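Asks: Okay, these came from Swiss-Prot:
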- HIS37: active site, proton donor (ACT_SITE)
- 30-37, 147-150, VAL176, 184-187: ATP binding site (BINDING)
- GLN61, GLN153: (R)-pantoate binding site (BINDING)
- GLN61: beta-alanine binding site (BINDING)
Amino acid sequence: MKIINTVQEMQQITNELRASGKSIGFVPTMGYLHEGHATLLRKAREENEIVVLSVFVNPLQFGPNEDLDRYPRDIDRDENVAKENSVDYLFYPSVEEMYPAEQTTTVEVVKRTDVLCGKQRPGHFAGVAIVLMKLFNITLPTRAYFGMKDAQQVAVIEGFVADFNIPVTIVPVDIVREEDGLAKSSRNVYLSPEEREEALHLYRSLCIAKERIETGERNAEIITTLVKEYIETYTKGTVDYADLYAYPSLQVVDKIEGRIILAIAVKFDNVRLIDNITLTVK
């Protein structure tokens with residue numbers, strides 16, 4: 001595995017790889033890699049000749065009161081995970097390397113961002129779109145891999161790739177969970193033992209809702225109320241949202257049909273957790 005720190009060197013390598021006909025699988029991350037990221041890397045390894053991993057904590061996608069400085073970082077750990085999963089190139093640029101001057105151009109995402117996490121994080125998805133536009137141009141991937149834990153991000157990325165005719169296939173990968181059901185997240189390290197136990201009820205609430213839908217419930221409000229009340233009953237967390245939308249359009253639905261997403265965000269003392277399920281309802 002080779003570690004690359006500059007845009008120029010990474011671009012030169014990927015240009016040469018694509019010119020020689022090699023397929024490139026790209027996994028963009030903010031580091032502190034866990035089994036969820038490793039699953040993306042293994043999928044990329046299976047489907048491509050070359051695997052490129054980026055580790056970059058992108059300041060543009062953090063709001064003024066968000067946890068940029070607290071976001072966990074451990075490049076030694078990340079290198080080990082990369083090597084264990086047969087990564088060919090680890091792209092690890094500094095903020096100054098990625099943003100050497102103030103941006104003169106931005107990307108405004110106008111659909112799929114005014115609900116779920118986007119509703120409470122204005123500018124977040126613009127920051128995501130900017131860094132991905134840069135990373136796609138630097139790494140020239142054939143395929144790029146994203147976890148469905150942030151399903152809204154996947155929907156936004158699929159939309160902006162289609163809008164700008166970016167020649168990359170977006171590959172969504174199912175949420176990776178702990179054995180007890182908790183969705184793997186770099187932020188789980190901030191949970192107290194009590195919160196860690198309570199956090200199990202997030203996925204349980206989604207499973208209960210899924211069972212209700214599969215046994216015939218089609219009223220979206222009944223389902224979201226059930227999820228919210230369950231979480232409020234069994235945890236001390238604050239429910240930011242428990243919402244149901246068509247997916248990937250993220251349009252409001254009253255009647256549950258077609259492909260839908262049921263998504264939740266719950267704030268504990270020091271960490272905000274998200275989770276979701278997607279399913280197709282006939």
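The backbone N, Cα and C atoms fix where each Cβ goes, and this holds for glycine too.
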Asks: Is any of the recorded positions HIS37, GLN61, GLN153 within 10 Å of VAL176 (ATP binding site) (Cα-Cα), and if so, which, in sequence order?
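Replies: Matched recorded positions: HIS37, sequence order.
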Asks: Would you kindly give the Cα-Cα distance separating GLN153 ((R)-pantoate binding site) and the residue listed as 'active site, proton donor', rounded to the nearest Å?
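Replies: Roughly 15 Å, rounded to the nearest whole number.
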Asks: Between SER186 (ATP binding site) and GLN61 ((R)-pantoate binding site), how far is it from one CA atom to the other, in Å?
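Replies: Per the Cα atoms, SER186 (ATP binding site) and GLN61 ((R)-pantoate binding site) stand 16 Å apart.
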Asks: What is the interatomic distance between the Cα atoms of MET30 (ATP binding site) and GLN61 ((R)-pantoate binding site), given in whole Å?
Replies: 11
Asks: With every protein chain in view, how many other Cβ atoms are within 10 Å of the Cβ of GLN61 ((R)-pantoate binding site)?
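Replies: A 10 Å sphere around the Cβ of GLN61 ((R)-pantoate binding site) contains 21 other Cβ atoms.
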Asks: Please list residues from the chain of GLN153 ((R)-pantoate binding site) whose Cβ is under 8 angstroms from its Cβ, counting only those at least six apart in sequence.
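Replies: The list for GLN153 ((R)-pantoate binding site) reads PHE125, VAL128, PHE146, given in order along the sequence.
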